[in-house]
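A short worksheet on the structure shown next.
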Amino acid sequence: MPGLREAGLVGAAIAIAGGVVYVTWNFLSSRQKLEEPVERETEKELSKETPVVPETVPTVAEEPERNDVQTEKPSSRQVLVLGLDGAGKTSLLHCLATGTLEQNIAPTKGFNAVSINKEDLKIEFLEIGGSEDVRAYWKMYLSKAEVLVFVVDSSDPARFPLAKTHLHELIAEHPRLSLVVLANKQDLEGACGITDLHEALSLGGVGDERKLVLIGTHVSKDDAEIPSSVQDARDLIVQMVSDAN
């Protein structure tokens, strides 16, 4: 099943507002190149007994301030990346945050964090594992998120109902939280298209006040470069965070 561009929506995302579907992509004409990531936190596992994660993603040591120069720390914003296990979150996170492909990435069992700097804005991508024993902790991290990125394996329709349940439980208490749903694995045979996935996840009922985007993506170890759909998703997420700043 082709992704967005292969389906004929060149350079487009599907934004849903008030149950009506609009095609919007004006901001991409002013895409700005992201700087290289300034840090990558190694994966850590969550403990069932002590489900504690730092309030903010650890950062690399700051350079000492010079007496003759006053350095302002960039404003920090968090993007939370969630989805069921096997949806492809870790591979997508690496591409979204670094702009590069990495082969043979192991699934995240605890949490995985990557930060990037864009002008005076620091964006922290925080991925929480999607296994059953970790999902109960997802809500702990929503309060600090500017954008929720929810990744769905579009080639596994049997799990759509479970993904739908968790997604709607997550956003129920956050009516203004911006939501990006990534219909991942669009390159696999039999993958569900974004229109059918929109219906399967009942995205028309996520609330009129919420910014919502559904976009098809895929990341394959055979890719020579980052798919254009992932580049588009990355630019869109950065734009949404910047608008909220």
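Yeah, the Cβs are placed from backbone N, Cα and C, and that goes for glycine too.
The transmembrane segment feature in TrEMBL is assigned to 7-28.
Among the features that TrEMBL reports, compositional bias 'Basic and acidic residues' is placed at 34-48 (among others).
Taken from TrEMBL, the feature region 'Disordered' applies to 34-74.
Summarising the annotation, TrEMBL assigns compositional bias 'Low complexity' to 49-61.
Taken from TrEMBL, the feature compositional bias 'Basic and acidic residues' covers 63-74 (among others).
In sequence order, VAL81, LEU82, GLY83, THR108, GLU127, GLY130, VAL151 make up the list of same-chain residues 6 or more apart from LYS89 (GTP binding site) whose Cβ falls under 8 Å from its Cβ. The GTP binding site annotation in TrEMBL covers GLY83, LEU84, ASP85, GLY86, ALA87, GLY88, LYS89, THR90, GLY130, ASN184, LYS185, GLN186, ASP187.
Neighbour count (other Cβ atoms within 10 Å of the Cβ, all protein chains): 22 for THR108 (Mg(2+) binding site). According to TrEMBL, the Mg(2+) binding site annotation covers THR90, THR108.
Neighbours of THR90 (Mg(2+) binding site), defined as other CB atoms within 10 A of its CB across all chains, total 21.
ASP187 (GTP binding site) sits 17 Å from THR90 (Mg(2+) binding site), taking the Cα positions as reference.
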